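Some features that Swiss-Prot has for this protein:
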type	residues	note
REGION	56-361	region 'Disordered'
COMPBIAS	56-69	compositional bias 'Low complexity'
COMPBIAS	111-132	compositional bias 'Low complexity'
COMPBIAS	134-144	compositional bias 'Basic and acidic residues'
COMPBIAS	154-164	compositional bias 'Low complexity'
COMPBIAS	188-206	compositional bias 'Basic and acidic residues'
COMPBIAS	259-273	compositional bias 'Low complexity'
REGION	394-434	region 'Disordered'
DOMAIN	522-695	domain 'tr-type G'
REGION	531-538	region 'G1'
BINDING	531-538, 581-585, 635-638	GTP binding site
REGION	556-560	region 'G2'
REGION	581-584	region 'G3'
REGION	635-638	region 'G4'
Amino acid sequence: MNNGKVRIYELSKELNLDNKDVLAVCDRLEIPYKSYSSTLSEEQVVQVRQVLAGAAPSEPVAAASAADSPKAERKQEIVSVRRPTPQAAGGAKPEIVGRPTASEKPQAERPNIVAPPRRPAAANEPAKAPIKPARPEKSAEKPEIVTPRPPAPAASAEPAKSPSRPAPAATPRPVAETKKPKPAAAELLRKPEIVRRSEAKPERTSEAPTPRPKIERRPEQTGPARPQLGQPVAGNGVSKPAKPVKPIELVAPPSRPKVAASASGVPAAASRVLPNKPQKPTAPGGPELKQRPKPAAPASGEDLAATVDVFQPVPPLELRRPTAPARPARPRKGWEEEEDERAAANRKAGNKAAAKAKRRQLIQDDDDDDLLTAEQELAAADALNLAMSLARPSKPKVPQAKPAVAVMPTKGRKPRRESARERQHRRRMEREQKPVRPELISLRSSMTVQELAQLMVVPETDIIKSLFFKGIAATVTQSLDVATIEQVAEEFGILVEQETEESGARKTTQMVEDADAESLQTRPPVVTVMGHVDHGKTTLLDAIRKTRVAAGEAGGITQHIGAYHVDVEHNGDQHQIVFLDTPGHEAFTAMRARGARVTDIAILVVAADDGVRPQTLEAISHAKAAEVPLIVAINKCDKEEAQPDRVKQELTEYGLVPEEWGGETVMVPVSAIKGENIDQLLEMILLVTEVEELVANPDRAARGTVIEAHLDKARGPVATLLVQNGTLRVGDVLVAGSVLGKVRAMVDDRGDRVEAATPSFAVEVLGLGDVPAAGDEFEVYSDEKSARAVATSRADEQRQSRLQQAMASRRVSLGTVSAQAQEGELKELNLILKADVQGSVEAILGSLEQLPQKQVQVRVLLAAPGEITETDVDLAAASGAVIVGFNTTLASGAKRAADEAGVDVRDYDIIYKLLEDIQAAMEGLLEPELVEEPLGQVEVRAVFSIGRGAVAGCYVQSGKAIRNCNIRVRRGSNLVYTGTLDSLKRMKEDVKEVNSGYECGIGLDSFSAWQEGDIIETYRMVTKRRTLEV
């Protein structure tokens, strides 16, 4: 101490207390301070010492309580809600009400915290109580009142400290106060808590005093811990405890714990779990537990006297120290020792980590004496510094009891632990076990060596080795074509079957959902017109629409899907029909399949003078795959060579039997040019529509399919959408495939703007972020955020599929493709394809895949709808590609850039010519081959010897003989000589050639063994353009 002042931390060291305990007393005495380094005057030190010694005058306490009263009032408000004390016996209530009205509410809170943990502290206090019997009651009550409160806020943190705190008999009171500083008002509130225990059920206390001591131990410990977390629980018995406890001071201590246990439902439940722990340290632990709850009771103020008297008989706190911490551990250890042998057996069997934890505890228990002594020493040392947390021991005991309960089930679960090991063993065995090799595998397309190895359950190295012996150097990431896979699989004794691809016309999505059932309305039918090229599909549609669309088609053939609306009058009512016109050229298979997938009725147009053709059969298969009704329109019946009956006969062979022949297929002979039987055809369409019962819900967000899409240089991405359910409106946010867009405008088939598109309505939509793929389904979303998330995820999926396709394109076949590539003989034709609409791009790419690519491979660097731009020209110049445009134009500056870069730009409007030119370009990349061209045949009729050689006198039988041409000399069936005609003379003069019917002389430098009758074949080698080999 310097100058009569003492720092708080020095005072706490002197008193063997925590700094926070002294700070709590300062709060109670209203002594100002900033931290534990603050100084106290001599008077303030005296006051603190008096409070901590339990002899402090009641005035500071009263002052503290007065200061705390406002805070207590707040808690009183909270407690009062739960406090309805009328539940307790009416006799006890009046006494409690008379004592502390303000503290009654706190009493409810306090029983929860104080009852179990505070007993040890109280036990220490009674030792000093005998010196001042009157005062200790009140002084002990207040510190203890503080003690119960701190546990409530920090119940979870200090449970372990409980055993050590009971040791200091003189200090426990100040310790309680130290924890109290955080909630000063709480001290007053918790005073009634102790009373609550005693009052909890006075009837029971009087009825059965003997069993209560046991129950007291269990509920007290559990009761304080649990109520601390949930303070409102204590509110039920606040009023009862105050006065009933005082009259029965000596008897109350045992009864109070019991009442606490029974009074509150929570303690009762806790008692069930706690009994195990209290039972283990029965002799020493019992009194200790009783002592702890009793100090909680003094919180009321007057009850302290009773509690002090009771605690005085049990001053030896030393027993408490070992019993609370050490003995609960001993029973566990003793109990676990019985399982030592079992645990050892479990180790061998390979038990789980839980069993290992038990074993560790058992191993620690081997030195019981050493551990006990060490624990006792630690408990004694901690007790000097611990105070209020004595309430916590109950909590540790609760968890301890729970583990004990948990351990018991673990014994029952032992077989489960063993089963886990067995499961691991089984998995190990399964890994070691070789999987069964399949006898049959099914393929849809090419696959990589790695995928094939997994499918065949064969090591990848074995497949690579097999390919190597076939002359193919492959890696695990290279793709094998189906023919190669079949040969490899055959080596391993596995059969291969090819899966049939699903038709593109199959309907995969149900547009009308169950939720739409209550709002369904009839919708117009969607009718798709299909058939072979030049059979009159568009002309028939023109006759129906009374327009002339066909005249505007390039080459007179349709190369897009067109959507048209037609109003038809039937039985006096106006009906609307939506027609989809599909191209008939073989390159547009995907378009026809797409049209069939979204259609309700299919019209098959067959020319009466041409009959069933390849695309007719394809259209039939699309209609069957889409499971839509089919109406046959036999067109061009006005021609003289028309044979409708022959067409019906041909269709019968493919399962389409006309109604007049006893079948179910409607067949109508029509003439598109003359307009004959058009009304009959429309009537049949409406009749079939009535049978189909086509419905949709126009009151929901729109869903449908992208029929066609293209990039317009003025309007941006434009898509033709067919609404199949719901209503599409301007401003809707939609996702088509992986493309996000917001509808800015909609245009119908006649070019008029519309604000809404109802079911079965086809419109051109502006406002998409990119050109969607034709055939993609679109859906309208309520908010842009969710729509963007869907579009992003779909874009990622498409990116992955493109990567897989790129890997698959690096295919390896049994031919000489890989060898040619290594030798530089494999040629590539790089193309950049731009078309007017997405469907045309799709059709051209499909046609290019059909071209033979053994000698020359076509690499499409870019395929997209839209006009040819300077960017395309730059890409073509960098990669040596040819730009191919289909029904598109060049952007400004693109033509000049192409001329400067020397890029070849081709534009086409008919797909026939485009494919022919691309095939010709592929053939042009091939090295020309030398072909033998026969010139003529010459017969040797005489042989003239000249010097060391000989000259043959010949007659040209056919063709001609040309000097320096190639010749073959044949004698009978034998080839005598092959070489060059070195000298050719006629009438002793050198000539260039001799025609048939003339005689000539032929001399060779390296051959002179002529004989009469020899035949000389003259020929020459010419270069000929190579064609693509299939």
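Yeah, the Cβs are placed from backbone N, Cα and C, and that goes for glycine too.
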With DSSP as the yardstick, break the region 'G1' (531-538) down into helix, strand and coil residue counts.
2 helix, 1 strand, 5 coil
Per-region confidence, the region 'G4' (635-638) (mean pLDDT, whole number):
82
Helix, strand and coil totals (DSSP H, G, I; E, B; other) for the region 'G4' (635-638):
0 helix, 1 strand, 3 coil
Around LYS537 (GTP binding site), how many other CB atoms lie within 10 A of its CB?
29
If you count Cβ atoms within 10 Å of the Cβ of GLY531 (GTP binding site), leaving out that atom itself, what do you get?
27
Neighbour tally for CYS637 (GTP binding site), based on other Cβ positions within 10 Å of its Cβ:
21
